[in-house]
Amino acid sequence: MHERVPDLVSGSIMRNLWKLALPMMVGNVLQTMFGIVDMIFVGRLGPEAIAAVSLSGSVLFVIMAATTGVSVGTTAMVSRAIGAGDRLKADRVAAQSVMLGIIVSGVLAVLGMLSSRRILMLIGARGETLVLAQSYLNIMFLGIVTVILLFLVMGIMQGAGDAKTPMKIIALSNVLNMGLDPVLIFGLLGVPALGVEGAALATVLSRGVFLLVGLYILVSGMTYVGIRLDGLRIELSIMRKIVEIGIPASVNLIIRSSAGVLFITIVAMYGTVAIATYGVGMRIDSVVLMPVFGLASASSTLVGQNLGARQPERAEATAMSAAKICALILCGVGALFYVVAPQIISVFTTSPEVIAMGTEYVRVVVFSYVFMAYGMVLAMSLNGAGDTTPPLVSTAISLIVFQVPLALLLPRVVGVKGLWVSIVVAAMVQSVIMLYVFKRGRWKQKHI
């Protein structure tokens, strides 16, 4: 017996947005903390260990980018079914998503373990760093099913309108990871010291335990969508649709990460201060964008549910409301940051050169915040509608056609400032494309 599904397709749009967005924001913060806690403990093992985990993280990011599409496709289909009042189809999608995740995880585990050494050498790992990174990656690949499936389980719940349960799961998983890290890394309580392998094992175990919790919640009907074990079988039509929706979303993230690598390579041409400035700037921007990501995720679910309920105009109003809220928030934040830019940069560094360049970075990039708000919210809303190709196109055009070439050209005219201007231009281009596609409205007729 399922929990009663909350009515998210009527009543106050603002109330529904915040009801989902707040737990999602907290979940994003907790997810960020997971990586920070790991690095704090690993940092005590020395620079080789830090480098090993950092390089492994780059590989795992690409892997997760490739599997993100399964989650996007799942969330879109679950939210559409819930909005249409078709609980049985939502349950079927949930089951097919988990089975697809198991298949994908198995393939990635085998391929990853066979090629981990070659991949690490390709991205520059050598000597002791290579040995440590390979040990770390092999454990992560062995347990990759726990990471991927937990991600999918939380996506299933969020698509059904349950944002609180995933938040609790990630919070408790983080607590367990914090407890396991020192025990497994340094060898406490009679456990042998495993070093970086201990960090990987702590991640796999903490994710694995709460994956079982999440699956139990789905199977027992303790949330709004479930997995029915009776008559469980592979339905290729549903799996095919999940993949069809998900592939553009995965390619989108891969392009974004690849463009990021190209951009930081260009930044590195201008020296250590420029690299340090960009590193600090990215951390500031990631914090600023947390509320945007929460509201964008909420909008994605609500757009899907409203389309399922045959309320396309309400779906559009929901997405535009989320975009306007984010734009207003970031307008205020941007104005404040423009004024106190030196003080903000000083929190991260005492270097006068980085503070000076960082101040310039903030005072340029804040002009992209409003555009980022619209671009991110509308892109994720289209993902929720199952229309994942336009966000992919907007990412490719804004980053590959505009940001990277401008980052090569503008510094020759206006100096390092040109790098930061290219970020603003890319955000403007993406937001304009997203607004055009969204207002055109073809996504409202998308059948999934």
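Quick reminder: no glycine exception, Cβ is built from N, Cα and C everywhere.
Predicted automatically and left uncurated, TrEMBL annotations should be read as such.
For reference, TrEMBL has these:
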- 20-43: transmembrane segment (TRANSMEM)
- 49-72: transmembrane segment (TRANSMEM)
- 93-115: transmembrane segment (TRANSMEM)
- 135-157: transmembrane segment (TRANSMEM)
- 209-232: transmembrane segment (TRANSMEM)
- 253-276: transmembrane segment (TRANSMEM)
- 321-341: transmembrane segment (TRANSMEM)
- 361-380: transmembrane segment (TRANSMEM)
- 392-413: transmembrane segment (TRANSMEM)
- 419-438: transmembrane segment (TRANSMEM)
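Long-range contacts of the transmembrane segment (392-413) within its own chain (CB-CB distance under 8 A, at least 6 residues past either end) are made by residues 248-249, 251-252, 255-256, 259, 262-263, 266-267, 270, 375, 379, 419, 421-423, 425-427, 429-430, 433-434, 437.
Counted over residue pairs 6 or more apart, the CB atoms of the transmembrane segment (419-438) and the transmembrane segment (209-232) come under 8 Å in fewer than three pairs, which marks the two as apart. Beyond its flanks by at least six residues, the transmembrane segment (209-232) meets 1-6, 78, 82, 87, 90-92, 94-95, 98, 146, 149-150, 153-154, 156-157, 159-162, 165, 169-170, 172-173, 176 of its own chain at Cβ-Cβ distances under 8 Å. Sequence-distant contacts of the transmembrane segment (20-43) (same chain, at least 6 residues past either end, Cβ-Cβ under 8 Å): 8, 49-50, 53, 57, 154, 158, 161, 163-164, 166-167, 170-171, 173-174, 177-178, 181-182, 185-186, 196, 199, 202-203, 286, 290-291, 293-295, 297-298, 301-302, 322.
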